[in-house]
Amino acid sequence: MPTLDDILEHVGEFDRFQKQTFFVLCLLSASFTPVYVGVVFFGFTPEHRCSSPGVAELSQRCGWSLEEQLNYTVPEWDGHGASFSSRCRRYEVDWNTTGISCTDPLGSLVRSGSSVSLGPCRDGWVYDSPGSSIVTEFDLVCEDSWKLDVFQSSVNAGFFIGSLNIGYIADRFGRKFCLLTTILANVVFGILLVFVPTYLWIVIIRFLQGLVSKGCWTAGYILVTEVVGPQYRRTVGILYQAAFSVGLLVFDAIAYTIPHWRWLQLTVTLPTCFLLLYYWCLPESPRWLISQGKNDKAMKIVRNMAKTNRKKMPSHFEDIKFEEEDCGKQTPALMDLFRTPQIRKNTLILMYNWFTSSVLYQGLIMHMGMAADNMYLDFLYSALVEFPAAFIIIVTIDRVGRRYPWAVSNLVAGAACLATALIPEDVHWLKVITACIGRMGITMAFEMVCFVNTELYPTYIRNLGVMVCSSLCDIGGVIVPFIVYRLAEIWHELPLIVFTVLGLIAGGLVLLLPETKGRVLPETVEDVENFQRQSAPEAKKIYLYAKEQK
């Protein structure tokens, strides 16, 4: 009997209708960028030092240059303020005292042989930045620097909780309803972020934004892959993720133009209001409608698809009916992911790789933002390498397979992190190149784990397997700010060493997974346990029945 995929062969698998749907959903994918990696610009930490009352007036009276002022009045200043004391401590002296020497100001303020004590920055900080970020607005430096970690972790915690709930909404109420409600919520939370006055409320709204934004992106991914034919699904899925990379370039350009974080947040949020027009220009997924027994609505979309694609739908395709071939329907349970040896191995390796992909991907972006001479240029370079990553995947997965390119991409990412850590700071251009190579490697690994995950589980636990394993991605996102920002205080390159270990282990573990190239999706546990078989039972299908003509 014909399937829905069979009818797509007649009305178009990736023709005008699907291309229009794909294009408008790519706008959604690109708009997710500021939520996912916005901390690079929203939370940028510029060079800073304690504000000391009276220093500016003394510097003006003595005619000091800025460098002379810093050398005289900032502890342990070595030309670029790299030490903790130069950023977070100040001399406990009164710079408003009369009679201070312009050639030896500290010597004139303390007794001979005495040392000058250091104290905390009681009067705030001076930031060497023309713009603003949440760091400069709320002084998230020194003893309060951990609050920046919480700012980023909150959105990832929202991703973790929201993905579970939004997935239910998409399956229960439809892809289109899910998209529209989450887009509206994301717009509201994005605008609220611009106006809330306190750090606590920013963290709360950032968490709420995370609750809806990733689920929204995922619902778009599901919809775009459900309206195309089977031979285009993987490519369309990869290109949908590549649209996120386009969003990186646009976000970088906007951030360069608007260096003030509240105006930047407003600028990237307002255009997403236009995504609410999806109510008129996006179809519901016909596959979801069929699964809900709404056959008439599904057929209406299929006819519109044929009309838009300028194709004639065969007259014998008149109705769609969903049937289960397998009468012994199984109910998925969490323990099914660990019950048998091969599935247990798949689950543990996939969970680790989701975790590692998130930590390295977000971590490299954050670390590059910290280390950058020009964070806008370095962000641009690292974003550009995501396009060859997508191209390499498309070229290799059906020729070479999944396992070896996936393993190599993890190994390259880990090795590049090690090389970046070992290259001296005075060869910054080489550090940027190796960091970009690492970014390309982990981008490939991230995109590959998305679709390989679905190929390693039997039908009845496939969605559960993807949901559980991918949740480690969000847990990694919660942890990574603490890895990057806290370990960098010990040694600036220490986060890269951690990334190296994680990446190399991930690459080795991937080699323990079975190759899925050219294999039919497994239907039963036995299929997974005996994955060397070249065939598997016929997959569950959506059938098209022809009505009798009276």
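Backbone N, Cα and C define each Cβ position, glycine as well.
Features reported for this protein in TrEMBL:
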DOMAIN    100-518  domain 'Major facilitator superfamily (MFS) profile'
TRANSMEM  20-44  transmembrane segment
TRANSMEM  177-195  transmembrane segment
TRANSMEM  201-224  transmembrane segment
TRANSMEM  236-257  transmembrane segment
TRANSMEM  263-282  transmembrane segment
TRANSMEM  348-367  transmembrane segment
TRANSMEM  379-397  transmembrane segment
TRANSMEM  404-423  transmembrane segment
TRANSMEM  429-452  transmembrane segment
TRANSMEM  464-488  transmembrane segment
TRANSMEM  494-513  transmembrane segment
Stretch-level contact, the transmembrane segment (20-44) and the transmembrane segment (263-282), CB cutoff 8 A, at least 3 pairs: yes
Contact between the transmembrane segment (464-488) and the transmembrane segment (177-195) (3 or more Cβ pairs under 8 Å, separation 6+): no
Rounded mean pLDDT for the residues that make up the domain 'Major facilitator superfamily (MFS) profile' (100-518): 87
